[in-house]
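Okay, so here's the structure we're looking at.
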Amino acid sequence: MIYQSPTIQVELLEDNIARLCFNAEGSVNKFDRETLNSLNDALDALAQTQGVKGLMLTSGKDAFIVGADITEFLGLFAQDDNVLQGWLEDANKVFNKLEDLPFPTISAIKGFALGGGCETILATDLRIADTSARIGLPETKLGIIPGFGGTVRLPRVIGADNALEWITTGKDQRPEAALKVGAIDAVVAPELLETAACQMLQDAISEKIDWQARRQRKLSPLTLPKLEAMMSFATAKGMVFKVAGKHYPAPMAVVEVIEKAALSERAEALQVEHQAFIKLAKTDVAKALIGIFLNDQLVKGKAKKAAKQAQAVNSAAVLGAGIMGGGIAYQSASKGTPIVMKDINQAALDLGLNEAAKLLTAQINRGRSTPAKMAGVLNNITATLDYNALKQADVVVEAVVEHPKVKATVLAEVEQVVGEDAIITSNTSTISINLLAKSLQKPERFCGMHFFNPVHKMPLVEVIRGEHSSEETVASVVAYAAKMGKTPIVVNDCPGFFVNRVLFPYFAGFSGLLEDGADFAAIDKVMEKQFGWPMGPAYLLDVVGLDTGHHAQAVMAEGFPDRMAKEGKDAIDVMFEADRFGQKNGKGFYQYSVDRRGKPKKEVDPLSYELLGNAFGEQKEFSSDEIIARTMIPMIIETVRCLEEGIIATPAEADMGLVYGLGFPPFRGGVFRYLDTLGVANFVALADQYAHLGGLYQVTDKMRELAATNGSYYPA
């Protein structure tokens, strides 16, 4: 044994090839300080070992290295620039040391080699992967750029254009795609990986492969003609800005760094990378995006914990077919849980099956599935008109029409059919879980399971705990949602649950602006372009359906009359009463036609302005700041109320619910991250300026206490 630590072991194999194995004590290899220090020591030990002719890097885990330990590095990001600069320089000395070894090196890659893992393999001369490998630099998704030489080495290995695409998108690449552009040198079956790596290394040792020329290319400036370089980077800037926009600076920084370092050798190019990394690490966007990553880990960790106390879900059922039922059936079946789809109407069953088939066909067209896989998924969906087909279901999802009496009747009927241990859930968006539980003999085996439309696209599922729901029931439904590929958050029962409860105060703020003469299209523009929502409130209401919004608004007003009850008609009432329901009937705030691809196309409709003008009088202009304040303050305060009342357990889960359920701008991190960025005291002062607008603008006593102590919702 040449070297051994808790994270790395180095041994000398036959033919004087050294094998360096990353093998941390946890379930995966990450680049933390301990691993980085161990790698440095291991390389020193190798340099002092006589007779070593080559080095193979490998992993003792299913994945090579999944990336940096973000939790550890967050503390570094808060340090002074010179401290961060020193850390980057020290870390990069280790990767340079690997790259400068006096013999050829190869990485044998299985599973994920992401972030720092990808930067490690780029520092070796050769790279071979098995069929399970996934390679990439996802740092831009966290609001930063690679910091261990990724922007320097990757362009010199695969060319500037390919590197720009890899790094700016942050997507991980399959081995076939990596081989095509030259990021790796071969792909082999998993059982052949290390044997093939040793053989390739032998070819380098015997100079059949010119490893020194490969290495020199990574140390030198990019070989791009000047005119071609100018055109390439100019085009990249335009394309990246179009996709990333002004709110996400990291992808554009990647283009600028690679361009600036193109004519430099390694040392100078790394300095360019370091400076950009430090600048981005200090931004609110990086804090927000890293926060989302950590919150996502927390929510997934809770789901894994729930799975340990959950009963197994080997078969499921959905009551009510159609688009929603078909979407739920598709999601369950495609993730391996067979499902029965029950309806009282054959036409609805056909619609549900067609929805599943349509989604599967789209996967085939994108190259993400095959006809054989499609057949397998469809075989996992059983359509039926007969309740008896549900007898074996471990979990039933009720997804019939949003009417309390209909749901109560269906739930009572299904309880008579399913097994003693079956769990029944309701996919309701507005009806109290405690109310529906009254129709059941075993309310402890019942909870809410609120999917968002369209089911296949929206990652969130709200699991609603009723007052009688058992912990095993909730845990089992959380585990089933996670098995379906969804992100489940547990919320306690209340009108609107969590997501809709905080959404409707936002709509109320929007309606208040319209009553005061604001232009809904101007509001949408501000909320989309400046605040960062994927859709402004008028457009979102049209997509949700103004009839649906009208009904949900009434539920919220009944549940929270002190602040959500209305005086007189608002804009939603005006549209609803004019039979303008949004996209579903081609007219809402906007009017809709169908484009060439069959998608709804939004256009301004003078009639909607006429209706609003008749109801509320002349239009007035409002500043962007006022539009943002009047729409966002009610949502933010209601989100805080949900935390204070225990409707949602943590700021992290609230923020994930908002990002995944509503499309809250990720670069702002969610309501609680946004509050911490603004400063709670600053927000309270802002809200107080609008307190005269009513109960939705009144901050809570606890918020005032937090503001007085300069507190925050996340640890500083």
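All residue numbers here begin at 1 and follow the chain in the order shown.
Heads up, the Cβ atoms here are built off N, Cα and C, so glycines get one too.
Keep in mind it's a predicted model, so treat the numbers as computed, not measured.
Look at Swiss-Prot and you will find 1-189 tagged as region 'Enoyl-CoA hydratase/isomerase', backed by sequence analysis.
Positions annotated as site 'Important for catalytic activity' by Swiss-Prot: E119 (among others). The 10 Å shell around the Cβ of E119 (site 'Important for catalytic activity') contains 28 further Cβ atoms across the protein chains shown.
What Swiss-Prot lists as site 'Important for catalytic activity' is E139 (among others). Long-range neighbours of E139 (site 'Important for catalytic activity') (same chain, six or more residues apart, CB within less than 8 Å of its CB): G115, I145, P146, G147, G150, I167, G170, A250.
Annotation source Swiss-Prot lists substrate binding site at D296, N500, Y660, citing sequence analysis. Under the three-state DSSP scheme, N500 (substrate binding site) falls in the helix class.
Look at Swiss-Prot and you will find 311-716 tagged as region '3-hydroxyacyl-CoA dehydrogenase', backed by sequence analysis.
Sequence-distant neighbours of H450 (active site, for 3-hydroxyacyl-CoA dehydrogenase activity): residues of the same chain at least 6 apart with a C-beta under 8 Å from its C-beta are N427, T428, S429, V461, E462, V463, I464, F497, V499. According to DSSP, H450 (active site, for 3-hydroxyacyl-CoA dehydrogenase activity) sits within a strand segment. Positions annotated as active site, for 3-hydroxyacyl-CoA dehydrogenase activity by Swiss-Prot, on the basis of sequence analysis: H450.
For N500 (substrate binding site), other Cβ atoms within 10 Å of its Cβ number 22. Counting every protein chain shown, the Cβ of D296 (substrate binding site) has 17 other Cβ atoms within 10 Å.
Sequence-distant neighbours of Y660 (substrate binding site) (same chain, six or more apart, CB under 8 Å from its CB) are M458, P459, L460, T487, listed in sequence order. In this structure the alpha carbons, written CA, of N500 (substrate binding site) and E119 (site 'Important for catalytic activity') are 43 Å apart.
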